[in-house]
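Features of the protein shown, as given by TrEMBL:
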BINDING   ASN17, LYS18, GLN19, ASP20  GTP binding site
Amino acid sequence: MVMSEALDGVPILVLANKQDVETCLSIPDIKTAFSDCTSKIGRRDCLTQACSALTGKGVREGIEWMVKCVVRNVHRPPRQRDIT
């Protein structure tokens, strides 16, 4: 998805689930796992949100962040390559 030209500039939300499990990867470890993609992510908005689907903790925060990103970019005109 990060390499797709059609998604260039689209915000990235990584919901790091299972944060209620003691042996889960930490947020810094997850970010490190994506470090190879840093150049491909570029300047787009990106958030790694700790969450637990079991308890719901962190899910709302991640979705609210994505909504803010979409609202902030609502007036961005589509690129020609996106609509052809």
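Yeah, the Cβs are placed from backbone N, Cα and C, and that goes for glycine too.
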Name them in sequence order: residues not among ASN17, LYS18, GLN19, ASP20 whose Cβ is within 8 Å of the mean position of the Cβ atoms defining the GTP site.
ALA16, VAL21, CYS24, ALA50, CYS51, SER52, ALA53, LEU54
Identify, in sequence order, the residues in the chain of ASP20 (GTP binding site) that are 6 or more apart from it along the sequence and have a CB within less than 8 Å of its CB; answer 'none' if there are none.
SER52, LEU54, THR55, LYS57
So for LYS18 (GTP binding site), how many other CB atoms are inside 10 Å of its CB?
14
